[in-house]
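Trainee: Pasting in a structure now, in structure tokens, and then I'll have a few things to ask.
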Amino acid sequence: MTMTSTTTKAMAMAAAVLAAAAVAATNAQTCGKQNDGMICPHNLCCSQFGYCGLGRDYCGTGCQSGACCSSQRCGSQGGGATCSNNQCCSQYGYCGFGSEYCGSGCQNGPCRADIKCGRNANGELCPNNMCCSQWGYCGLGSEFCGNGCQSGACCPEKRCGKQAGGDKCPNNFCCSAGGYCGLGGNYCGSGCQSGGCYKGGDGMAAILANNQSVSFEGIIESVAELV
């Protein structure tokens, strides 16, 4: 078998692996207490029913971890609890990300400086579904994801589609049948208007790139070793 045919076969197999991983990661991935405490990748919310996604259905009532609309308690005010998804615990005992949480008095987590985004940074999006606040800084928690949130895991969700003059969602999120931006089956499934909608696997690559830590090169190398 030639090197060219081996590489071609490896790439074909890798593409199939990526497609399967995307569907599993964003359509049926379970988390939280329903799956041994598993954390969703890239700050996706784990819903009360144990599924990964973004939007009110996942980040609202009962949200177990991730970019939950209500900040979880932590630190000395939360019985010594640490934050999920490597978020910071603020001096007041709330989980989030950004200077209000990771700055002065931060109790645990990756204390760090703010990342600029949005209209004050040439439209830059925040990494890992973090919210871009109305002031143009990346973070998680009500100060970033609440009023004026420009992109990311905003609470409440941004409106889109025919219910919002044809607007599309930022971050390539899905626009649900009801006109709300988010990720997961409730947004990308039946009736999805735009974004990475589930259509027999079509459109999944963009969601995979934004929300799943999978290296295409790594898969190529791994598969090549098997052929």
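Cβ coordinates come from backbone N, Cα and C, glycine included.
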Trainee: Have a look at Swiss-Prot and say which candidate in C45, C52 forms the disulphide with C40.
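Mentor: Partner cysteine, according to Swiss-Prot: C52.
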Trainee: Where does the pyrrolidone carboxylic acid label fall among Q29, Q87, Q193, going by Swiss-Prot?
Mentor: Q29
Trainee: From the list C111, C117, which cysteine is recorded by Swiss-Prot as disulfide-linked to C106?
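Mentor: Record-based pairing for C106: C111.
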Trainee: What does Swiss-Prot give as the disulfide partner of C138, choosing from C126, C131, C145, C149?
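Mentor: Swiss-Prot says the disulfide from C138 goes to C126.
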Trainee: Express the distance between the Cα positions of C188 (disulfide bond) and C160 (disulfide bond) as a whole number of Å.
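Mentor: About 13 Å separate the Cα atoms of these two residues.
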Trainee: Give the distance between the Cα atoms of C83 (disulfide bond) and C74 (disulfide bond), rounded to the nearest whole Å.
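Mentor: Between the alpha carbons of C83 (disulfide bond) and C74 (disulfide bond) there are 6 Å.
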Trainee: Given the disulfide-bonded residues C46, C63, C89, C160, tell me which ones have a C-alpha lying within 10 Å of the C-alpha of C174 (disulfide bond).
Mentor: C160
Trainee: Do you know offhand how many angstrom separate C63 (disulfide bond) and C46 (disulfide bond) by C-alpha?
Mentor: 6
